[in-house]
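A.B. asks: Have a look at this one before I ask anything.
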Amino acid sequence: MEEDPSCYQDAAKLAAGEGLGAEMQLDDVVGTHPDYNEEEEEQKYFRRKRLGVVKNVLAASLAAMLTYGVYLGLLQMQLILHYDETYREVKYSNMELEDIDRKWTMFLAVGIYALFVSSNYWERYFTLVPSAVAIGVAIVPLWASMGHYITRMAQKYYEYANYKEEHVQEQRQAPRGACSTYVVIFQTIFYACFHLSFVCAQMPMLFFLNNYLYQLNHTLYGVKHCGTLSHGTLPGFNKTVLHSLPRSVNLIIVESVLMAAAFLAMLVVLLLCGSAYRPTEEIDLRSIGWGNIFQLPFKHMRDYRLRHLLPFFIYSGFEVLFVCTGFSLNYGVCALGLEKLAYLLMAYGFSASACSSLALCTLRLRRQCPLLAGAFVHAAILVTLFCWAPEPRHVVQAPLLYSIAVLWGMGSALNKTGISILLGMLYEDKERQDFVFTIYHWWQALAIFTVYLWSGLPMKAKLSIMLLALGLAAGSYLWMERKLAQRVSYRLPRIPRPRHKMKGYRYLEDDDSDETASEGEGASRHEDEDDDDRHPAEANGGDELPKDEGEGTD
């Protein structure tokens, strides 16, 4: 029996139809949706990226506020407790713990970390001092990394906001000054949050320690002179400031709350702060040698811009510690009593936080305005303090003291925010800013150490040193801006190229490298050259020209 050829044709057509139907079904599943808008989805993606950057900035700011607030609050509480004669005798007998707090804990514990908080559960010489030394080592890297992180977030936000630009898509360097707006805004947000740490630090005193303090008539009974007539740290202050000793269980509760806040800050950084670099942008600093790593911050001192800013770095350390010790004790506590110390520092903290927003004027005015305005405010206050000696135990002077605290907070906000904005703007085109911020916070830490050394000087001598440092800082900064306006070239160290080959995506072996022969020869010649870039400054606004324009001498 012969088979009908038409049957085979029908079967082939059926199979083809089934195959076409399956292909159409597959397209429906994995193909482009008819309502898909590529441009709209791209905008949504980069909007999420920008929100992620804002989240990173807010998380870093919150962590810094908690970190410094817990440290200041714990340190302030422990210094008051250990100042009291009865507390020391009951708890430590003849261990002379007062000397520990005056010299070592107060000097070395310039930071808050869980180690320092936990050491206060068992207060002994061999727990307080080593923990203070350990966290003191970490203070400069912490704040240097914070400053660098905020600046880097500004750069990333610019990239996500201008993702269609050709230089962004090709991952080339942004035009000079392109990120300045975001640097100003993000640094303002950071310091507005950070200065609230002075408010948070007063919570242990407000809700716990103030319940155990004597009134001012007892604590200030032997004080004869305040303000500009005083010597050292509030001479004549009563050695007994606690009318009853706090129970150990209450101290443990307070320290546990502070410990929880410290760990919360760590978790915020760990879980909420995103990476500052893409994996392909990271630099393995070990590959350039530890010697170069330690030399790089000091090599940046060849740049005259940093040298001219050194007096401002030093004054920044002077002023923040002076308001917490010299002004708060010799003026505020001397007139209002120890029980008002928390309110005085809270006025300073709220003012500094609110006035950090004044740095946004840099978006419309010249970048000199915040720093010089802050210097002017502090200069006026220092002259006023030099001529004023409050009456001991005279509470009617409270409005004037609170006003000075508020104005000092305004000057501090303009100073701190202005310096960080200036560094971010001057070095926004540099691969890494952490070396620059390391110089800033290193000199600031040295200035804080100097303030502890002069604690026994007369108040007039302290104020004179502050005025001299402020005048030198303002003059040196104006000189720097003048040199930039005159296009005086500056030297900018580069991170050295890796001296050895590594496997992985960062550094390729010779056989796997995709560089041409001419590129390889150029790189080898480049490594033999000096490690400095020299750039002329731009006359308009004191900014620099791009890296490939001109050379000169320092």
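Here, residue 1 is simply the first one shown, and the rest follow in order.
The backbone N, Cα and C atoms fix where each Cβ goes, glycine too.
Note that the structure is a prediction, hence the values are computed from the model and not measured.
Annotations for this protein, taken from TrEMBL, read as follows:
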type     : residues : note
COMPBIAS : 509-518  : compositional bias 'Acidic residues'
COMPBIAS : 522-537  : compositional bias 'Basic and acidic residues'
COMPBIAS : 544-554  : compositional bias 'Basic and acidic residues'
REGION   : 506-554  : region 'Disordered'
TRANSMEM : 57-83    : transmembrane segment
TRANSMEM : 128-150  : transmembrane segment
TRANSMEM : 182-209  : transmembrane segment
TRANSMEM : 251-277  : transmembrane segment
TRANSMEM : 309-329  : transmembrane segment
TRANSMEM : 341-363  : transmembrane segment
TRANSMEM : 370-389  : transmembrane segment
TRANSMEM : 401-423  : transmembrane segment
TRANSMEM : 435-455  : transmembrane segment
TRANSMEM : 461-480  : transmembrane segment
A.B. asks: To the transmembrane segment (435-455), which of 57-83, 182-209, 251-277, 309-329, 401-423 is linked by the most Cβ pairs under 8 Å?
C.D. replies: 309-329
A.B. asks: Tell me if the transmembrane segment (251-277) touches the transmembrane segment (57-83). I count contact as 3 or more CB pairs below 8 A, with pairs 6 or more residues apart.
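C.D. replies: Stretch pair touches.
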A.B. asks: Of the listed stretches 182-209, 341-363, 461-480, which one has the most C-beta pairs under 8 A with the transmembrane segment (401-423)?
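C.D. replies: Most Cβ pairs under 8 Å with the transmembrane segment (401-423) come from 341-363.
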A.B. asks: Using a Cβ-Cβ cut-off of under 8 Å, list the residues of the same chain that are 6+ residues beyond the ends of the transmembrane segment (461-480) and lie near it.
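C.D. replies: For the transmembrane segment (461-480), the list is 228, 304-305, 308-312, 314-315, 318-319, 322, 326, 368, 371-372, 375, 378-379, 382-383, 385-386, 454.
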